[in-house]
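*Asks:* Relevant sequence annotations retrieved from Swiss-Prot are reproduced here:
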{"type": "ACT_SITE", "residues": "ASP199", "note": "active site, nucleophile"}
{"type": "ACT_SITE", "residues": "GLU255", "note": "active site, proton donor"}
{"type": "BINDING", "residues": "ASP21, ASN23, ASP25, ASP29", "note": "Ca(2+) binding site"}
{"type": "SITE", "residues": "ASP329", "note": "site 'Transition state stabilizer'"}
Amino acid sequence: MEKQWWKESVVYQIYPRSFMDSNGDGIGDLRGIISKLDYLKELGIDVIWLSPVYESPNDDNGYDISDYCKIMNEFGTMEDWDELLHEMHERNMKLMMDLVVNHTSDEHNWFIESRKSKDNKYRDYYIWRPGKEGKEPNNWGAAFSGSAWQYDEMTDEYYLHLFSKKQPDLNWDNEKVRQDVYEMMKFWLEKGIDGFRMDVINFISKEEGLPTVETEEEGYVSGHKHFMNGPNIHKYLHEMNEEVLSHYDIMTVGEMPGVTTEEAKLYTGEERKELQMVFQFEHMDLDSGEGGKWDVKPCSLLTLKENLTKWQKALEHTGWNSLYWNNHDQPRVVSRFGNDGMYRIESAKMLATVLHMMKGTPYIYQGEEIGMTNVRFESIDEYRDIETLNMYKEKVMERGEDIEKVMQSIYIKGRDNARTPMQWDDQNHAGFTTGEPWITVNPNYKEINVKQAIQNKDSIFYYYKKLIELRKNNEIVVYGSYDLILENNPSIFAYVRTYGVEKLLVIANFTAEECIFELPEDISYSEVELLIHNYDVENGPIENITLRPYEAMVFKLK
């Protein structure tokens, strides 16, 4: 396996709207990020993934782009962005931009032109179809509820939008679209960026004919089998690599809902020349029932272990894993798989240990390193996320479902859990802004904030810093093989990493109860060294350990 800088890096995702506001308008901005770079350097971050900062009407918080080569006014200017890149490079940090090219905003110039007439030169930049018998061209539903088709009076046709109606899908089968996208990518790469995270990139190739989904169900249904990992996806990614990516020393990760391990090998195998990593979602769907995301069910540790292990083993020799618990679309991990009450600190450290000792490139989401939690707003009016608001409208207003039950599912799964402002200190609005924040700060900011974390040497922040240092100083963490042990233990997640004669033993209690770890007999060693631990502990025998609630430890064995 080839050694690469992006395999050895730790990435930190910034959601700019909620990170730091420099001018008091209640919205995080680029100058706010610049002011916090030293904090991220102290943590040990190598790469910052910046969620979209391009010009946008903000229907989906910047994932609806109206100009790919301009900066959104709320975030600052291109000069601010240039300064951010310069300041990051001065600190030996790299910048990965968000590439959102499955769709644009309906306010993008391409779409404004495309709507005008059927023979406009931009018409085929998007996917237009006549209706069928007075209805939509097919029965596909949109991710944010309703139909995936929007009728447009101007030309008496419908356009496809897999997300909101203000996010029309680009027609990637049109070579001009692809070339314009590649030119835009080169614009940013020539400015000196170090990579792209690609939004729902496995949606860009739609099945020819856009077939109706065969189903007994009434209404709109997911058409994912007709656009996820579609017929030309590898052709287009290979072309993108050949024409753009391969000419720069950069890192790439493709967000790919529904991707399997076998498909991931095709996307990330080095000899295939497509992408370096994918974001897969299987471990993020384990607490969803048959009704999808909002149908919340408990996730057993056995299932979680089995799933993460499957990905570790599948990409052991081909491709590369991305490691994450959190991002801007997911609830907070300490509330989801940990214990955000009595054992918040212990369980946040335990979850970090399990993830960061695996093979792959770890991604930390803002606030994760201080153990930020989910939020419980009393009223739907305090929520801002289009997905949450549309779901509430559909379930409560249109179907009359129980408000309490719907709010409960929002508390557990809503995307705004990740989007409340970063908690910097215990001052007003957690030090995020001097104005009124665009979304309310989580009320627990007085107990959970960066200032307090930096003053306490036993904080979650310093634990993350130490995990990152372990990765930097031990090649085994980056390149060692992975093997699950105690696979049928319902309470303990334990695995072994091996690199030459070295071994790492990682042990984690996923419960609020004590439990006993027994070392499997086939693990032999002559020396043992404790590398990191989330309780006070002495070096001792490892054959039989009573683990306290959410206890985690890593040993080096020789």
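Just so it is clear, glycine is given a Cβ too, placed from its N, Cα and C backbone atoms.
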*Asks:* Rounded to a whole angstrom, what is the C-alpha distance between ASP329 (site 'Transition state stabilizer') and GLU255 (active site, proton donor)?
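*Replies:* It is 12 Å, counting Cα to Cα.
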*Asks:* If you count the C-beta atoms lying within 10 Å of each candidate's C-beta, which of the recorded positions ASP21, ASP25, ASP29, GLU255 ends up with the smallest number?
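*Replies:* Comparing Cβ neighbour counts within 10 Å for the recorded positions ASP21, ASP25, ASP29, GLU255 gives ASP25.
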*Asks:* C-alpha of ASP25 (Ca(2+) binding site) to C-alpha of ASP199 (active site, nucleophile): distance in Å?
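*Replies:* Cα-Cα distance, ASP25 (Ca(2+) binding site) to ASP199 (active site, nucleophile): 28 Å.
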*Asks:* Give me the non-local Cβ neighbours of the residue listed as 'active site, nucleophile': same chain, 6+ apart in sequence, Cβ-Cβ under 8 Å, ordered along the sequence.
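*Replies:* Once residues fewer than 6 apart are set aside, the residue listed as 'active site, nucleophile' is near TYR63, ASP98, LEU99, VAL100, VAL101, ASN102, GLU255.
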*Asks:* Compute the centroid of the Cβ atoms of ASP21, ASN23, ASP25, ASP29, then list the same-chain residues not in that set whose Cβ lies within 8 Å of it, in sequence order, for the Ca(2+) site.
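*Replies:* After dropping the recorded site residues, what remains is SER22, GLY24, GLY26, ILE27, GLY28, ARG31, GLY32, GLU74, THR433, GLY435.
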*Asks:* For ASN23 (Ca(2+) binding site), write down the residues of its own chain that are at least 6 apart in sequence and whose Cβ falls under 8 Å from its Cβ; none is a fine answer.
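*Replies:* ASN23 (Ca(2+) binding site) has long-range Cβ partners ASP29, ARG31.
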*Asks:* Could you tell me which three-state DSSP class ASP29 (Ca(2+) binding site) falls into?
*Replies:* coil
*Asks:* Check the DSSP secondary structure of ASP21 (Ca(2+) binding site), expressed as helix, strand or coil.
*Replies:* coil
*Asks:* Just how many other Cβ atoms lie inside 10 Å of the Cβ on ASP329 (site 'Transition state stabilizer')?
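*Replies:* The answer is 20.
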